[in-house]
Structure formats: structure tokens, C-alpha cells
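This report refers to the structure that appears directly beneath it.
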Amino acid sequence: MTQLSVVILAAGKGTRMYSDLPKVLHTVAGKPMVQHVIDTAKQIDAKQIHLIYGHGGELLQQRLSSEPVNWVLQAEQLGTGHAMQQAAPFFADDENILMLYGDAPLITKETLERLIAAKPANGIALLTVELENPTGYGRIIRENGSVVAIVEQKDANAEQLKIREVNTGVMVASGASFKKWLANLNNNNAQGEYYITDVIAMANQDGYKVQAVQASEFMEVEGANNRLQLAALERFYQKTQAEKLLLAGVRLIDPARFDIRGSLTHGKDVEIDVNVIIEGEVKLGNRVRIGAGCVLKNCEIGDDVEIKPYSVIEDAVVGKAAQIGPFSRLRPGANLAEETHVGNFVEIKNAQVGKGSKVNHLTYVGDAEVGSNCNIGAGVITCNYDGANKFKTIIGNNVFVGSDSQLVAPVTIADGATIGAGATVTKDVAENELVISRVPQRHIQGWQRPTKKKIAD
């Protein structure tokens, strides 16, 4: 099988974005557009990915530093053909070269596989699409059904402007052919640029076949030159993802008000209310219910869990039949066992909470281990930070911590202990002990509250 390398054009400035950020770093579904393209190139087993960069190259390299790409500088942006000329020295004669665009993030693996399979032995496979309104796009010129040329909008005559089949810019040919044609490009056109589309005419002159393959959906080859187009790509992507989930059995209360910015795996009878955001890798068990306005990122949720509205869960694990929220926050390292309750305005960070334990109101539990069947009252704080270092709080099983208590770490509270409301616990507590730490209550007879003094005019 012929090896494949991919060239991704990503040197454009993106003037119409009105942004300091390079165009290809603007995001769709929480991920830079160019990252989508790189990921798709990996899916089709590209041997090498050549990334053409220019404007904002330092930031681009910084953001994509972990990607195994060959960085190719295009110092001047003189057209798509000029960009390919910069990468040509890296092409092997006997490999196929696939040309993609860093600002067209929704191209699919399936479409690219169809295109590559259609490439003639000594020719080009070209991806096209038919549009109701083709204004602005290069027109596909055919003779007897075969593609003989691509004419850019600015160079097209009146008859050519009526053509609805347009060029997407995506094509594949052999390394040897590309190197030959790229060496003969010129800029004799209205823009004074080197067009990659000119290689189509060159291929015909050499007697090579140009095979056109139509994309199944225009939006998968659409680029984003401004924020309006970027928003359209985002909506199309989200609509597509929502439809896949609906067909897989997930109930989305309103598919138009659901965003996924990563991957979601799920069990049966999952229900997701409006304005929920999924980020990173999220796993949902069976019969999970997620209330309105929740954000879930890189988390695992067990069967029969209910997440009430406006809760945020990040890098956390929630066990079966737990109840979360409303307005709860589970931060990285939170691990809740089954049948736990975490209520409104509770924050849990880097802490384990045992089976059946309840942390229901206005509480912070950080750097802690909480055993099973505990009750943590309202306003309880694990004081884990002394301004320089963090320390751990360990709470055993069947512990009751009264409201407004402070547990000053490092501290251990053994099984069955009871902490009275308002206690400040600085020393370890033994099994079944009661701790009370409060000022004795005083009663002052005849007390009168101060009254406001009137200010003279």
C-alpha cells in the first residue's frame, strides 16, 4: 500500500477574525481548528504531517508543541501553490500527498478515505462540492465529464461563473507529480499569487486523469475566515453530535441547547437537560440524569446518579446512586462512593467521600478522606492550607460533624466521633468521642440594643 503524507496549510493571518490569535487556533467545540485537522490526519494513518505556518508561528508552535509534525515556514503568503512549494522538498516521489486546510476543521476520515481510494495511479483526486450559491469559490471546468481546470472567481468569465460545482482545495497526488507541477507554477493571474489549482491543467497537459469526488456535506469542507463562519461551523458540529447521541438513545431535552467539546460515552436511559456542557472525556452510566446548566469535564459518573442544576464536575469520579447539587462543585481528585449526597454550594477537591455519606450544604472538603455514613453539617471547612503547605484531614466511618466547624489539618477524627456545632478541631479525636469547642453561653439581663443617633442639619 502506498504511504501517505499530509500537508496542512496554516499560515494565514485571519484578518477578518479581528484577533491577535492566528486564525487556525480559533476553536470549534473547544479545540483549535487546526487540531481537528491534525487529529483527522492521524486517523487516516498519515506517515508524516507537514504543517505550513507563517503568521503567529511562534504561538502556533507553542500550542501544538506535543504534535509530531514537520514545521514548514511560509515567510510570505503568496498563495496556496506557494505554500505547497515550501513543503515540496520533503515529498518522497513514491508516496501520496494529501493537501488539507487548517481552517476547515470538520473534514471527516470517511470523506478523505473515499478521496484517497479514488486517486488514479498517475493522476489527481480532487474533492469538490455543488453549491446553490457558488460565489467566491473556484469553479470546476469539465470537458466530456472530466475535470480539465479550476478557475478562481476573480479570473472566471460570465459562463464559468454559472457553474455550481466548486473546488474545496482538498486534493491528493503522488509526491513526484506534485514536485514536477509545483516547480512550473506561475503567478500570471489577477491576484499575482501561485494557485495550487493550476496543477489541474498541468495534469491534463501531461495526459493524467483528474478524478473528482464530491463531499457528502458542504460544511465538512467549509473554512472559517470570520467569526460568523466560525459560529456556523460550531453550530453544525454541535447539531451533528446531538443527532448522534439522540440516535444512540440519549434524551436531550433540547438538542439545540447542548454543547459537547470532547467525547461522551454513555449507558441507557440517560437524560440531559438544557445548557449542559460536556468537555474532555466524560463517561455516564445507566439512568444518569443531568440538570440544566451543568458542566462536566473529564469525569466518570456511575449508574443512577442525579446531577441537579448548575453543578460543575471536573476530573472527578461519582459512584452509583449519588446525588449531586444543585450548585455543587467537584474539583480535580474528588471521588465519591455510591449513595453519597453532595448538596448546594458544596466544594470538594482532592478528597474521597465514603458510601452513604452526606455533605449537604455550604461546605468545603479539600485534601481529605471521609468514611462511610458520615454527616458533614452546613458551613464545615477542612482547613487544609497554612499559607505555604497543604495538609490532610481524615474522617472515619459514622462520624457526625456539626455545622460551622473547622477541621484544622493535619487532623484525624476516628470512627463514631461527634463534633459539636461551631467546634474548631486542632487535635486528633478518638473513637466515639464528643468534641465541643465553644465559648460558654452568657445571658445578660436588661440588654438594650444601640439606637441610631440623628445627625443635626
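Glycine residues also receive a Cβ, built from the backbone N, Cα and C atoms like all the rest.
Owing to the predicted nature of the structure, the values given are computational and were not obtained by experimental measurement.
Swiss-Prot lists N384, Y385, S403, A421, R438 as acetyl-CoA-binding residues, and of the candidates A378, A414 the one it assigns to that same site is A378. Secondary structure from DSSP puts G12 (UDP-N-acetyl-alpha-D-glucosamine binding site) in coil. Shown are the binding-site residues L9, A378, A421; the one with the most C-beta atoms within 10 angstroms of its own C-beta is L9. Here the region 'Linker' (228-248) has, by DSSP, the following mix of helix, strand and coil residues: 20 helix, 0 strand, 1 coil. One residue stands out among the binding-site residues G12, G79, G102 for having the most other Cβ atoms within 10 Å of its Cβ: G102. Confidence in the region 'Pyrophosphorylase' (1-227), given as mean pLDDT, stands at 95. Annotation note: N384 (acetyl-CoA binding site) sits in a coil segment as assigned by DSSP.
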